[in-house]
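Below you'll find the structure, written out as structure tokens, and then a few comments.
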Amino acid sequence: MTYKYSILLPESWTKDNFYTYTSEQSIENGSFVVVPVKTKKATGIVMGTDSENNFDGLREITEILSYKLNEQVINWIIVSSKYTLIPMNQILKMILVSNKNTKPGYLEIQSEVNDLKPGKYPIEMLKMHWNKVRAMMKEGVITETEFPSSDIPMEQDFFSPDQTKAINSIQAITSGTVLLKGSTGSGKTNVYFEILHKIWQQGKQILILVPEISLTYQLIERFHERFKVYPYRWHNSCKQPVWNWAVSGKPGVVIGVRSALWIPFSNLGLIIVDEEHSTTYKQENGPRYNAKDIAILRAKSENIPIILVSATPSLETVKNIRDKNYKCVELERTIPNKLNIKLVKTNKWMSDDLKKHIQETLERKEQVMLFLNRKGFSTHIHCTTCNNRLLCKSCTAGLIFYKNNYTHCSYCSQKQLMPKVCPECQSEDSWKFYGMGIEKIQDQLCEIFPDHKISLLSSDTTEIIDETMHKMQNNEIDILIGTQILAQGCHFPNLTLVGIVQGDIGAHSGDIRNTERMYQLISQVKGRCGRADKPGTVIIQSADDKHPLLQAIAQENTKEWLDQELSIRQNHNLPPFSRMIRIIIGSKSAALTEKIVMNIKKPTILGVEIMGPAPTQLHKYNNDYRWSFLIQYSKNIFPQAKIKQWIDGFRLPKNVRLTIDVDPQSFF
């Protein structure tokens with residue numbers, strides 16, 4: 001008997017269309033298959049059968065692979081696509097791109113390998129040819145991977161009464177979203193370790209999402225310390241075996257950043273989103289999505305619990321708790337917080353007060369952390385002849401100067417050597433550098449404290465994050481200077497002084513979430529201090545020491561500020577009291593983009609306001625001139641289908657790019 005199947009292909013040209021192929025075999029939905037596409041082969045998944053009897057011109061499925069997505073994952077793909085307006089083929093592409101070896105050819109071979117019986121003494125045989133193995137590793141043909149033990153580790157039997165209560169409360173929740181809230185040092189990680197351990201014992205798979213790759217090192221070490229085995233780590237050199245393990249359904253735990261969300265687990269029992277408030281869960285390039293929100297959709301599709309973890313939850317999460325959509329379990333700090341918080345008014349990057357405390361801390365052989373959310377050496381580059389600011393060639397954004405003589409655009413990430421000649425007036429050596437970055441702070445501190453080890457940590461130094469963290473834990477660093485990466489769950493027992501260099505950065509920006517981010521960043525950074533048995537000091541420097549948020553943080557009374565911020569959002573009908581979708585249209589031609597957007601007719605949709613078109617705040621970005629529509633609507637309606645219908649009618653030329661951003665976090 002010949003069957004007809006609808007196949008979803010992970011190629012951009014499919015545009016969510018299902019393609020029909022035939023097979024003499026009965027194939028289950030979700031099965032991976034290889035099909036011919038023109039002169040090539042492509043890997044896709046079976047989404048259903050086609051009931052029509054016309055077989056004319058249809059091509060046959062080439063290969064049925066042993067991999068399969070279960071019904072829950074298929075449903076999650078469909079729901080995620082409807083919510084984010086990301087085509088299903090692009091979601092499938094992210095699932096397959098997760099595993100760099102899911103291209104046609106690899107899966108066929110791996111499918112056959114899975115059916116092979118184990119050979120005799122494979123490790124011993126490898127040792128006989130160890131020189132060849134090393135050569136193959138050097139060429140990248142094979143990779144060395146440490147796999148977690150299949151044994152379920154022993155119980156931990158020491159928890160505070162508060163932790164025990166939290167564990168029991170969360171374990172009683174079999175599905176839905178729960179926030180595990182607690183100040184830094186309250187033992188949130190130990191609580192969710194115990195919860196995942198119980199689900200692990202049930203033979204399930206667990207996903208832990210972290211916002212920054214820097215967090216994986218410490219979390220993996222803490223995991224090993226607790227369970228005596230290592231979890232799977234989702235990173236480039238290890239994606240293939242983790243992907244294979246996930247679809248096998250074997251129990252275990254994987255830790256990874258937002259791309260780990262797309263791992264096709266077939267036996268998922270729990271999702272944990274650590275530091276749920278972090279903005280890095282939002283994918284700002286390519287298909288746009290918030291990993292936290294899509295993880296919640298996934299947990300709902302799988303009918304499993306999801307734990308959001310934070311000391312400073314997002315206002316969206318706070319409102320969902322107040323509306324009783326999420327449950328909340330709160331921890332008190334296990335050790336009384338021994339923090340002395342000082343608010344210092346200054347226009348200098350280092351006040352006399354901060355300098356004095358640094359000296360005293362170093363004399364006690366304790367560690368210092370300085371936070372400034374400004375990468376590089378200088379944030380502004382100006383020509384002294386024509387007074388023009390040096391801008392990115394691809395964007396209308398100012399460039400950051402780094403002391404190894406290159407410039408960097410914080411928007412498109414383009415790096416270039418620092419030009420000798422001003423591109424505007426052709427003057428030579430006329431540059432002047434303004435603004436303070438963490439590299440400049442390091443240089444000045446090295447002059448003031450020449451006998452001490454001073455290191456940097458930012459997203460520019462990802463290749464040495466693990467090494468820097470290890471050195472900090474081992475007291476091999478005296479002063480650590482960094483950007484927002486410092487806010488992400490670091491634990492250094494000998495750290496007793498934290499300096500917030502500019503506490504009011506972003507306080508007067510027009511971004512609706514900037515004050516919230518400022519609250520989260522400062523609260524998280526100050527929480528790195530005084531976590532062990534030594535008292536800590538936090539110095540928050542600001543030109544505006546009367547700012548309500550800084551006053552609330554200094555007095556450790558942020559509830560009143562949160563209530564006020566939510567009230568402001570509600571009065572202006574801003575998220576989390578409404579939702580937004582941003583439609584961005586761009587091309588290399590400013591005139592073409594403007595002409596296109598001005599000819600787009602806005603529909604009338606009940607309960608939906610469509611604003612624009614208007615030039616984006618950063619009008620030229622990555623060589624595209626961009627305009628945007630901003631769509632705002634009530635939280636109790638779901639207009640995505642009508643919005644999609646409107647967008648599908650744009651009929652944009654191929655050289656015009658369209659970006660759809662549901663629940664935007666930035667508006668540049």
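Each position is counted from 1, following the chain as shown.
Every residue, even glycine, has its Cβ placed from backbone N, Cα and C.
Record features, source TrEMBL:
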DOMAIN    169-331  domain 'Helicase ATP-binding'
DOMAIN    353-574  domain 'Helicase C-terminal'
BINDING   CYS383, CYS386, CYS422, CYS425  Zn(2+) 1 binding site
BINDING   CYS392, CYS395, CYS409, CYS412  Zn(2+) 2 binding site
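Shown here: features listed in TrEMBL, placed on the structure.
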residue : record                : Cβ contacts under 8 Å, 6 or more apart
CYS383  : Zn(2+) 1 binding site : ARG389, LEU390, CYS422, GLU424, CYS425, SER427, SER430, TRP431, LYS432
CYS386  : Zn(2+) 1 binding site : CYS422, GLU424, CYS425, SER427
CYS392  : Zn(2+) 2 binding site : GLY398, LEU399, CYS409, TYR411, CYS412, GLN414
CYS395  : Zn(2+) 2 binding site : CYS409, TYR411, CYS412, GLN414, LEU618, LYS620, TYR621, ASN622
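Averaged over the domain 'Helicase ATP-binding' (169-331), the predicted model reaches a pLDDT of 93. The DSSP secondary structure for CYS383 (Zn(2+) 1 binding site) is strand. Excluding the listed site residues CYS392, CYS395, CYS409, CYS412, the same chain places LEU391, LYS393, SER394, ALA397, LEU399, SER410, TYR411, SER413, GLN414, TYR621, ASN622 with Cβ atoms within 8 Å of the centre of the Zn(2+) 2 site Cβ atoms.
Those residues of the chain, other than CYS383, CYS386, CYS422, CYS425, with a C-beta within 8 angstroms of the mean position of the Zn(2+) 1 site C-beta atoms are THR384, THR385, ASN387, ASN388, PRO423, GLU424, GLN426, SER427, SER430.
By the criterion of other Cβ atoms within 10 Å of the residue's own Cβ, the least surrounded of the binding-site residues CYS409, CYS412, CYS422, CYS425 is CYS425.
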